[in-house]
Amino acid sequence: QYNPNTQPGRTSIVHLFEWRWADIALECERYLAPYGFGGVQVSPPNENVIITNPYRPWWERYQPVSYKLCTRSGNENEFRDMVTRCNNVGVRIYVDAVKNHMCGSGAGSGTHSTCGAYFNAGNRDSPAVPYSGWDFNDGKCRTGSGEIENYGDASQVRDCRLVGLLDLALEKDYVRSTVAGYMNHLIDIGVAGFRLDAAKHMWPGDIKAFLDKLHNLNTNWFSSGSRPFIYQEVIDLGGEPITSSQYFGNHRVTEFKYGAKLGTVIRKWNGEKMAYLKNWGEGWGFVPSDRALVFVDNHDNQRGHGAGGASILTFWDARLYKMAVGFMLAHPYGFTRVMSSFRWPRHFENGKDVNDWYGPPSNSDGSTKEVTINADSTCGNDWVCEHRWRQIRNMVIFRNVVDGEPFSNWWDNNSNQVAFGRGSKGFIVFNNDDWHMNVDLYTGLPAGTYCDVISGQKEGSRCTGIQVYVSGNGKANFQISNNAEDPFIAIHVGAKL
């Protein structure tokens, strides 16, 4: 369950946030497979509440009504088609699984759900599952409001309502079996694993109990006895009784300190500088590398939700963001996830984005817009498609090329110019200082001419970007202007001319 089940030589996944299943299937075939992406995290595929105030926010998908595969992203047939087509080209599907709760306590009653299932939040009735009042934690929560009031009390974080969301009684075998039944339906279709949403709000023992009920993966695409890859959303920035390590027995965890700290360093806040990244990873107090799912930003914290605060870098900060993602994909720590977002009309009032609720690009009837592809391979319809940015795509390939090679040949200038290699396979150099960089560095690479995969790439026998000459002694000269479009250079043995 720590093994991501990606095909050999594929080392990253991408979160295609709020994409339709039909568009993901196409993207697997036309882009993700040819460029070496290992898999896709998809938005919750099960039926959710339709929220109209505000109008169709992204977070309505984190308010389940049933476990029918029926959302704005598509129906069960479209989901099955996506899983089959992506698996057939070697790209895995990881499902965002919402297990801690159902819809909000104030969601009302009726059939305002993505498949028309009736529910009554007031009396805890979800007949389409079915769940009833006995299946929720109302009687177990010990706060006056029924909500989480104090994160210093681990019991209420697990047993009370997270922002009003009806908390499932996961100590009940019926609830565990129901949750596992939904996940097994997805496993049998062919998914490779799950992100466990709000894992911090579930007891580790309850998670283990439903994970133990899961099937092995579908042998049409996975070797016999393969187990689903599990990564648990545990926001642990320190200072609370609930820690990531309490969840290691259930497989990997999301390391939220990673993006929060990397953002602070690349922004040069609080006296931080890139030279301090020499012992990046466990040396910064992160979870062990083989337990970590890492990312620069995610769908929550790119809009100020969740964890990390203002230091988080996103596509809105494109120049610094590309450097951060480049650093992540070059560094051996953790299993890497790339973000792929949609644009929304950000509007800050008193430091808060009042439009942080905006859902995906949609048509007048509320249906999600298709992902169109422009002639230059960027995306239209307000889909950002960071995973298609040349610098990010080429670093996904870099990580595949250097897989298994050690972190090596670190260099820094005691400030914000740093470099490191991955054994004899790759080397990357950053200039995040406010002055020109001109330095000769030992790369560890075989002699020859290499094509920088940030400013361009190798196309046939020519290079569309900067060329780097590695001499017989393994050294190369690197010149990076602080005004460069992208002030970093990356070379690897797959881009040798």
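A Cβ is built for glycine as well, from the same backbone N, Cα and C atoms used for every other residue.
Sequence annotations record features per position, and here Swiss-Prot assigns pyrrolidone carboxylic acid to GLN1.
According to Swiss-Prot, the disulfide bond annotation covers CYS28-CYS86 (among others), on the basis of similarity to another entry. Annotation for CYS86 (disulfide bond): spatial neighbours ILE24, ALA25, CYS28, GLU29, LEU32, GLY39, VAL40, ARG92, ILE93, criterion Cβ-Cβ under 8 Å with sequence separation of six or more.
Cβ-based neighbour count (10 Å, all protein chains) for CYS115 (disulfide bond) stands at 17. Annotation comment: Swiss-Prot describes CYS70-CYS115 (among others) as disulfide bond, evidence class similarity to another entry.
With a 10 A radius on its CB, ARG158 (Ca(2+) binding site) counts 23 other CB atoms from all the protein chains. The feature Ca(2+) binding site is assigned by Swiss-Prot to ASN100, ARG158, ASP167, HIS201.
The disulfide bond annotation in Swiss-Prot covers CYS141-CYS160 (among others). In the shown protein chains, 20 other C-beta atoms lie within 10 A of the C-beta of CYS141 (disulfide bond).
A coil conformation is recorded for ASN298 (chloride binding site) in the three-state DSSP classification, outside any helix or strand. Marked as chloride binding site by Swiss-Prot: ARG195, ASN298, ARG337.
Around the Cβ of ASP197 (active site, nucleophile), a 10 Å sphere holds 20 further Cβ atoms from the protein chains shown. A coil conformation is recorded for ASP197 (active site, nucleophile) in the three-state DSSP classification, outside any helix or strand. What Swiss-Prot lists as active site, nucleophile is ASP197, and the listing cites similarity to another entry.
The active site, proton donor annotation in Swiss-Prot covers GLU233. Classification of GLU233 (active site, proton donor) by DSSP places it in coil, neither helical nor stranded.
Residues annotated as site 'Transition state stabilizer' in Swiss-Prot, with similarity to another entry given as evidence: ASP300. Every protein chain shown contributes to the tally, and the Cβ of ASP300 (site 'Transition state stabilizer') ends up with 19 other Cβ atoms within 10 Å.
DSSP gives CYS385 (disulfide bond) a coil state; it is part of no helix or strand. For CYS385 (disulfide bond), applying a Cβ distance below 8 Å and a minimum sequence separation of six or more within one chain yields SER340, VAL371, THR378, CYS379. Look at Swiss-Prot and you will find CYS379-CYS385 (among others) tagged as disulfide bond, backed by similarity to another entry.
For CYS451 (disulfide bond), the same-chain residues that are 6 or more apart in sequence and have a Cβ closer than 8 Å to its Cβ are GLN457, LYS458, CYS463, THR464, GLY465, ILE466, GLN467, VAL468, ILE491, ALA495, LYS496, LEU497. Per Swiss-Prot, disulfide bond is recorded for CYS451-CYS463 (among others), and the stated evidence type is similarity to another entry.
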Please list, in sequence order, every residue of the chain apart from ARG195, ASN298, ARG337 whose Cβ lies within 8 Å of the Cβ centroid of the chloride site. ILE13, HIS15, GLN41, ASP96, TYR231, GLU233, THR254, LEU293, PHE295, HIS299, MET339
Is it possible to get the count of other C-beta atoms within 10 angstroms of the C-beta of ASN298 (chloride binding site)? 26
Write down the Cα-Cα distance for HIS201 (Ca(2+) binding site) and CYS141 (disulfide bond), rounded and given in Å. 12
Taking the centre of the Cβ atoms of ASN100, ARG158, ASP167, HIS201 as the Ca(2+) site, the remaining residues of that chain with Cβ inside 8 Å are HIS101, ASN137, VAL157, ASP159, CYS160, LEU162, LEU168, LEU170, ALA198, MET202
According to DSSP, which kind of secondary structure is CYS160 (disulfide bond) found in, if we only use helix, strand and coil? coil
Show which residues of the chain containing ARG337 (chloride binding site), separated from it by at least 6 in sequence, have their CB under 8 Å from its CB. SER12, ILE13, VAL14, HIS15, GLN41, LEU293, VAL294, PHE295, ASN298
